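Novice: First the structure, then my questions, so here it is.
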Amino acid sequence: MRTLFIADLHLSEKHPQISHAFFEFLQNETENVDALYILGDLFEVWIGDDERTLLMNEVALKLSEYALKNNILLYYIHGNRDFMIGKKYAKQSSMQLLPEHCEINLYGKKILILHGDTLCLADKNYQKMRTLLHNPLIQLVFNLLPLFLRKKIGWKIRHASQSKKVYKNREVMDVTKDEVVRLMEKHHVQTLIHGHTHRVACHEMLVKGQAAQRYDVGDWRHNLSYVEVQKDKINLVIRPINFYN
């Protein structure tokens with residue numbers, strides 16, 4: 001048996017090849033799969049469950065079919081692009097929403113999973129913005145705005161974020177190693193799986209003097225990648241985006 005982890009597909013109508021690869025992934029990765037965990041940013045942007053494009057509806061349908069036809073559990077942790085995904089869309093997609101930092105036990109192994117943006121403490125401007133956007137009162141007010149206005153605000157936030165990335169160095173946008181260790185020590189785990197940075201890799205490290213691993217599942221811009229947890233091993237799988245064609 002195995003459990004799969006993906007993140008950062010950033011699905012949108014502008015990149016149909018990624019959507020196609022995701023649907024092929026769901027069609028083919030069914031054998032001996034207990035669960036699929038999506039660690040955020042499945043969509044490029046999400047401004048509320050009341051906005052439904054054809055792609056959003058198709059993704060919900062494909063996910064629900066994947067779960068129900070194959071008896072596979074689906075779990076979701078919000079990303080920085082789609083943290084407004086609510087219970088309504090999650091239910092339609094047969095997904096269970098999880099907290100931003102979540103401890104799970106797989107085949108006798110304790111693992112900490114998260115999107116990963118909370119690990120990037122060097123990006124102080126982003127962390128300030130994140131605190132603001134995750135304020136429940138701010139989210140309540142935002143959801144009360146008309147859809148067209150939310151779209152405009154969402155576009156401005158994304159545009160500002162993309163513009164600032166040009167001037168940020170790689171270290172600022174990467175995880176803060178001390179924060180990784182602190183979090184793993186806090187949760188008493190030797191394995192951490194996350195996304196967000198788009199830097200697919202397995203990092204060997206020490207936590208409380210013991211060997212530990214941090215898996216970055218990567219994004220799907222050029223290749224598809226996922227982490228596969230089995231009883232006796234963990235694999236980081238990287239394949240061409242058209243692998244299932």
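Cβ from N, Cα, C; glycine included.
Note that the coordinates shown come from a computational prediction; the quantities given were computed from them, not determined experimentally.
For reference, Swiss-Prot lists these features for the protein:
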type: BINDING; residues: Asp8, His10, Asp41, His198; note: Mn(2+) 1 binding site
type: BINDING; residues: Asp41, Asn80, His115, His196; note: Mn(2+) 2 binding site
type: BINDING; residues: Asn80, Arg81, Asp123, Ser161, Lys165, Lys168, His196; note: substrate binding site
Novice: Please list residues from the chain of His196 (Mn(2+) 2 binding site) whose Cβ is under 8 angstroms from its Cβ, counting only those at least six apart in sequence.
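Specialist: Sequence-distant Cβ neighbours: Ala7, Asp8, Gly40, Asp41, Gly79, Asn80, His115, Gly116, Asp117, Leu119, Cys120.
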Novice: From the Cα of Arg81 (substrate binding site) across to the Cα of His10 (Mn(2+) 1 binding site), what is the distance in angstrom?
Specialist: 8
Novice: Can you tell which of Asp8, Asp41, Asp123 has the least company, meaning the fewest other C-beta atoms within 10 angstroms of its C-beta, among these binding-site residues?
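Specialist: Selected from the binding-site residues Asp8, Asp41, Asp123 on minimum Cβ neighbours within 10 Å: Asp123.
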Novice: Taking the Cβ of Arg81 (substrate binding site) as centre, how many other Cβ atoms lie within 10 Å?
Specialist: 24
Novice: Express the distance between the Cα positions of Asp123 (substrate binding site) and His198 (Mn(2+) 1 binding site) as a whole number of Å.
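Specialist: Given the Cα positions, Asp123 (substrate binding site) is 15 Å from His198 (Mn(2+) 1 binding site).
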Novice: From the centroid of the CB atoms of Asp41, Asn80, His115, His196, the recorded Mn(2+) 2 site, which same-chain residues not already listed sit within 8 A by their CB, in sequence order?
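Specialist: Apart from the listed residues, the neighbours are Ala7, Asp8, Leu39, Gly40, His78, Gly79, Arg81, Gly116, Asp117, Gly195.
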Novice: For Mn(2+) 1, what surrounds Asp8, His10, Asp41, His198 with a Cβ no more than 8 Å from their Cβ centroid?
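Specialist: For the Mn(2+) 1 site the neighbour list reads Ala7, Leu9, Gly40, Gly79, Arg81, Gly195, His196, Asp219, Trp220, Arg221.
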Novice: Counting Cβ atoms within 10 Å of each candidate's own Cβ, which of the binding-site residues His10, His115, His198 comes out highest?
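Specialist: Comparing the binding-site residues His10, His115, His198, the most crowded Cβ belongs to His115.
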Novice: Please report the distance from the Cα of Arg81 (substrate binding site) to the Cα of His198 (Mn(2+) 1 binding site), rounded to the nearest angstrom.
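Specialist: Rounded to the nearest whole number, the Cα-Cα distance is 14 Å.
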